[in-house]
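Take a look at the structure set out below.
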Amino acid sequence: MNLHEYQAKQLFARYGLPAPVGYACTTPREAEEAASKIGAGPWVVKCQVHAGGRGKAGGVKVVKSKEEIRAFAEHWLGKRLVTYQTDANGQPVNQILVEAATDIDKELYLGAVVDRSSRRVVFMASTEGGVEIEKVAEETPHLIHKIAIDPLAGPMPYQGRELAFKLGLEGKQVQQFTKIFMGLATIFLERDLALIEINPLVITKQGDLICLDGKLGADGNALFRQPDLREMRDQSQEDPREAQAAQWELNYVALDGNIGCMVNGAGLAMGTMDIVKLHGGEPANFLDVGGGATKERVTEAFKIILSDDNVKAVLVNIFGGIVRCDLIADGIIGAVAEVGVNVPVVVRLEGNNAELGAKKLADSGLNIIAAKSLTDAAQQVVAAVEGK
């Protein structure tokens, strides 16, 4: 679950981290009043969406008058912002962040993620702030400095100082950076985050460090013990199909293709998408129904997949282990009949009672194509989309 920039900065303030004074506004009038609260300009106005690249898309602007603030708010509030990180529809702009402008001397980067290979929270810092860290990692990886947090000892001040020295900081900046590092690490651990990022972390003309931007991603599996973060959730920024899937404990990710995929198991789902691509198809989604492929869950999965108007065929790939394939077939038949599926459905069953399951599909009288293998399933679903 992602948070907005203004929400991230609210958390920063609770932990004593320096950030510009700002207010999130939902109307042009509120935006003008926010500027009055902040004081003399210039100000910075920012569209609040769960996506990067806002500046290049016109969603961030430095303004010198309240008239400009009103014009910016009137232009963007209620509209959708399209950036390189969104789809063609963009993300809805429901709030504008108005904050004091900062005199920037230098831009840095500071962030942390859970590194699965080392099984540690790893902090990354770079002198190349203000640009995508992925681009820095690809083109100049030597400019990214990393520190792993020991899960028993926790973050240590000396680690912050070590990163500060590698960034070329000196004097009071080392102390300020160490405080920010310790604060971010505390937020990360106490709030069950999966990602935290300040890009850019700037050095002002006065030589002070300020958190100019903030990006936080919470671990969805830990939200049950983070009630205040749950209240910050903005579902308008989420794909409604993904939100609906989460209610049924289905793992769904929307893609740009036209072949809906329903699979049990994340690894098998990725393999299924790969083989669809191999045979010239384009997956419309990733959907893992998990181990309990019951009729109810399969029905809901079909509804979610078919809510995408681009879907021209559906591939169901189920490996029956503990769950018998004949029971899964019953669920698929019931779901297709209930939902009223009007696109070709190709089903590949493998494992426990697979032959009986395939026979039930063949005898159902519904528009269900039983595949003999995964390759056969991929070829048949691609052919169905192409009308062959």
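Cβ coordinates come from backbone N, Cα and C, glycine included.
Copied over from Swiss-Prot:
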{"type": "BINDING", "residues": "Lys46, Gly53, Arg54, Gly55, Glu99, Thr102, Glu107", "note": "ATP binding site"}
{"type": "BINDING", "residues": "Asn199, Asp213", "note": "Mg(2+) binding site"}
{"type": "BINDING", "residues": "Asn264, Gly321, Ile322, Val323", "note": "substrate binding site"}
{"type": "DOMAIN", "residues": "9-244", "note": "domain 'ATP-grasp'"}
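Where Swiss-Prot records a feature, it is marked here on the structure.
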residue : record                 : CB count, 10 Å
Lys46   : ATP binding site       : 24
Gly53   : ATP binding site       : 16
Arg54   : ATP binding site       : 21
Glu99   : ATP binding site       : 22
Glu107  : ATP binding site       : 18
Asp213  : Mg(2+) binding site    : 24
Asn264  : substrate binding site : 24
Gly321  : substrate binding site : 13
Ile322  : substrate binding site : 8
Val323  : substrate binding site : 19
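Neighbour counts of Cβ atoms within 10 Å were taken for the binding-site residues Thr102, Asn199; the minimum is at Thr102. A strand conformation is recorded for Glu107 (ATP binding site) in the three-state DSSP classification.
Note on proximity: among Asn199, Asp213, Gly321, Ile322, Val323, the binding-site residues of the record, the Cα nearest Thr102 (ATP binding site) is that of Asp213. When the CA atoms are compared, the binding-site residues lying within 10 A of Asn199 (Mg(2+) binding site) are Glu107, out of the candidates Glu107, Asn264, Gly321. A mean pLDDT of 94 is what the model gives for the domain 'ATP-grasp' (9-244).
When the alpha carbons of Asn264 (substrate binding site) and Glu99 (ATP binding site) are compared, the span between them is 47 angstrom. Considering only the binding-site residues Asp213, Gly321, Ile322, Val323, Gly53 (ATP binding site) has Asp213 as its nearest partner by CA-CA distance.
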